[in-house]
Amino acid sequence: MFTMDDLNQMDTQTLTDTLGSIFEHSSWIAERSAALRPFSSLSDLHRKMTGIVKAADRETQLDLIKKHPRLGTKKTMSDDSVREQQNAGLGKLEQQEYEEFLMLNEHYYDRFGFPFILAVKGKTKQDIHQALLARLESERETEFQQALIEIYRIARFRLADIITEKGETQMKRTMSYGKGNVFAYRTYLKPLTGVKQIPESSFAGRDNTVVGVDVTCEIGGEAFLPSFTDGDNTLVVATDSMKNFIQRHLASYEGTTTEGFLHYVAHRFLDTYSHMDTITLTGEDIPFEAMPAYEEKELSTSRLVFRRSRNERSRSVLKAERSGNTITITEQYSEIMDLQLVKVSGNSFVGFIRDEYTTLPEDGNRPLFVYLNISWQYENTNDSYASDPARYVAAEQVRDLASTVFHELETPSIQNLIYHIGCRILARFPQLTDVSFQSQNHTWDTVVEEIPGSKGKVYTEPRPPYGFQHFTVTREDAEKEKQKAAEKCRSLKA
């Protein structure tokens, strides 16, 4: 691997020898790039080399295109092309497949006067075959420009294979783009079964007859810098293509959870587009609930009619990045959002600081209305994909745990409530490392304090602003609570 410093210090001949194979049998591009030094980054080098091609006359560009091999054939080609085609599966074609590729390539060459070119890295032989069929329908000028675009992509991949930017001291900039509100609905996804059952919840699985998800996709990588600085879209994956990619892969997903779907899509994105360095996917579930049905004089649950739920919703977040040939999950968590719970009594708030700024009265028994966002992380992210359903933690179970603890606890504060909810979740699911909370206090204001003949009261919405809390409950917290409970049990027995 070479660094930018290495390339900038080479003499012209050494640089030409080093970069001569980046463009197929066209070392003249590397030779001319020597005069454009210094190169500040891989993207800068790629931009300058492609700029040389763009500035060349039409005949020179056509000559460059014609130097590329015909995909899927056995004709002589450069070592780089051999390796790229083998990785795409073109080196192991069955005889019938080989003859099909040979025929289509000849048809393409006869139609346009130059070979079919495609940056095959990350693609399968099926992808290549489909692209060849589709592009046979194009106009010549469209294909001429597309051939150059594919050559630029190939050059980018080849540069990334031999150049490292490790050790460069420039600060990494924020640079990403993506697509939001990618709605996808799937019927008859594989059911989620075999989850661990807990005392606080009746949840036993999901039939997944109707599944909805709202996905946000954000990608990053140095390859996209020219699109910002120069308006060069050569390596840009259109956000509309991202939308199509996500929606169509919901059809081929064979798992049972949103977490697993995001993992599947992230890997497919990075496998397909090898110039992407990072991807962040957020999937918010769109829940559907089966409606009642009256069949054969009995009330049952419909297997056909579902109601979209407007209650709390679950969300999953996954971040992945490329490191060489390895894809690493850098962050993954699951979350239940906008869980709104009210407990009509058994809540207090007393003993807080009272000074000249205090107007809030102490209350030994009040209703408490809380909004909760609860997120959890696994020690092993593979557990979130439900390959072993018994180690998967469902949002429905977290919801039921939260309401159960709220019911059981004499609540002295929201802070104490979320602490005990978190400890209970970690006690039930030892595969989790921590549980985080974002909570808000939306307790109602009293309108009528006493109603004759009733213990009820009348309330209204609270005046803004609202109080909030952020807190993470750790595995250590849960262990401390477990020890305290054991000590209390021993003291009672004594």
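Each residue's number is its place along the chain shown, starting with 1.
Each Cβ is built from the backbone N, Cα and C atoms, and glycine gets one as well.
Site annotation for urate in Swiss-Prot covers T239, D240, F349, I414, Q415, N441, and the matching candidate from R366, R399, R463 is R366.
Distances between the Cα of K179 (active site, charge relay system) and those of the binding-site residues D240, F349, R366, I414, N441 are shortest for D240.
In space, K190 is the closest of the active-site residues H68, K190, T239 to R366 (urate binding site), judged by Cα positions. Following the DSSP three-state reduction, the secondary structure of D240 (urate binding site) is helix. Ranking the recorded positions H68, K179, K190, R366 by C-beta neighbours within 10 Å puts H68 at the top. Neighbour count (other Cβ atoms within 10 Å of the Cβ, all protein chains): 18 for F349 (urate binding site).
When the record's urate-binding residues T239, D240, F349, R366, I414, Q415, N441 are compared pairwise by CA position, the greatest distance found is 51 Å.
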